[in-house]
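As given in TrEMBL:
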type     : residues : note
DOMAIN   : 1-373    : domain 'Major facilitator superfamily (MFS) profile'
TRANSMEM : 21-41    : transmembrane segment
TRANSMEM : 47-72    : transmembrane segment
TRANSMEM : 79-98    : transmembrane segment
TRANSMEM : 104-127  : transmembrane segment
TRANSMEM : 148-170  : transmembrane segment
TRANSMEM : 215-233  : transmembrane segment
TRANSMEM : 245-265  : transmembrane segment
TRANSMEM : 286-304  : transmembrane segment
TRANSMEM : 350-368  : transmembrane segment
Amino acid sequence: MTATALIGEVVPLRERGRYQGILGAVFGVTTVVGPLLGGYFTDYLTWRWAFWINVPISVVVILVAAAAIPALTAAAKPAIDYAGIVAVGVGAAALTLATSWGGIVYPWGSVTIVGLFSLAAAALGVFAWVENRAREPVLPPRLFRSPVFTVCCVLAFVVGFAMLGAMTFLPTYMQYVDGVSATTSGLRTLPMVVGMLVTSTGSGVVVGRTGRYKIFPVTGTALTAVAFVLMSRMDATTPAVVQSLYLLVLGAGIGLSMQVLVFVVQSTSDFEDLGVATSGVTFFRTIGGAFGAAVFGSLFVNFLRARMGPAMASSGLSAESVSSPEALHRQPLTVAAPVVQAYAESLGQVFLWAATVAAVAFVLALLLREVPLRDIHNSAVDLGDGFGMPSTETPEKLLENAIGRMLRGDPGMRLRSIAMRPDCRLDVAGLWGLLRINRYQQFFGAARITDIGNHLGLPFEVLEPTFSQLVATGYVVRDGDHMSLTPAGSTKSNTCTRCC
């Protein structure tokens, strides 16, 4: 989470897609390498090493972070939203437990499950109430005024639900149906790693260069749905090569879908919202994965329970004989076949449900609004890109420094050259205001001075003269706090964007 937010603040927009793609590839690789190491520890050492291995890794991460991340002294003491943190934590935990235990440990209508759902609803209601009143909320409600941010969060939740949830059962399938060891099941997921690595990095580079992003989550969710449909048709006779091809398609879909959403949110959020916007979309993806694992786990147990009784009766096996993959595959093939088929069909149904969820993600991806991402938006509009490191200056000082940096940079020089043209009736501040209104109309559907001031942390009186100048020159129509571009203003804004 911290690394993703730092990339958004430190790396220039045109390079940010490549960095986020690399980070997504790392996420994909570790998602598969983790189970691979876990399988090795289980087979050859002890399962406890799956937890102990995190200790030395954490020590290395702490040392690297202490040496590489610049230490900043905050100009003002931050206000931590403890109430929001507790409320969302309780709500998420209660929902996860309810979906994990429902129908397995407790009946869905039991007091425990109903109580957990009620607790989750109450906690999330408190969270919404707190966030509208906190000085520095964990997840500012104003972010959801942007349709891009809203769709990205919902899409991240659904993508995490389908992909991370269903991926949990790949080792189970390979061990019970194919009869391979825990280590081998990890190795067999390497084609998925390759697919993630190539598409995540490649999509990040393309988005960074072209500024176009919608095609990637649309294509990625479609590939994911197709991959899950293909995987739902696998059984004990499916060759390993065919399974690898299916996993390659799945990895390609995941790589195209996941990290691009983070990059899009960062590139369409204001500088001061980079951290919370990044953590917001990542939070939805993580929670989606947790819910997906819980829901698909409940489905799998119920599917298997319905098939296991008849399968064991026809094979004559005892409960001890099917207690583990090793015990099951020590039986003769003809004897174990009904139980293996029960596992294959049950997991196939899980993959088919995952395909349905991925199809929902595909529809949501079609609703994602594409706004061209350009350097001008971050250098001349956000006034925050390219600082090289986070800042703890006051908002007024940050704005002053950013304008100075903008005028020294290449986009700023071109913006100033536009202001110096004989036919231009605006100064640099006026051009900035014009681009700001245009961006708010694209992202939020409307532009209000108070919203712009709130996002920048500046009072109304500081910004009002600039926008009054735009009204006087005929580029903007103003109705109280609301502003919109005139045809002349739209033409001028498009000219500035093309030139910069």
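Backbone N, Cα and C atoms are what each Cβ position is placed from, and that goes for glycine too.
Since we're looking at a predicted model, the values are computed, not measured.
Tertiary neighbourhood of the transmembrane segment (148-170): same-chain residues 31, 185, 189, 192, 217, 221, 224, 228, 247, 250, 253-254, 257-258, 261, 264-265, 268-269, 277, 280-282, 284-289, 291-297, 300, 347, 350-351, 354-355, 357-358, 360-361, 364-365, 367-369, 371, 443, selected by CB-CB distance under 8 Å and a gap of 6+ residues from either end. Within its own chain, the transmembrane segment (79-98) has Cβ neighbours under 8 Å at 113, 116-117, 119-121, 123-124, 126-127, 130-131, 134-139, 287, 290-291, 294, counting only residues six or more beyond its boundaries. Per-residue confidence over the domain 'Major facilitator superfamily (MFS) profile' (1-373) averages out at a pLDDT of 80.
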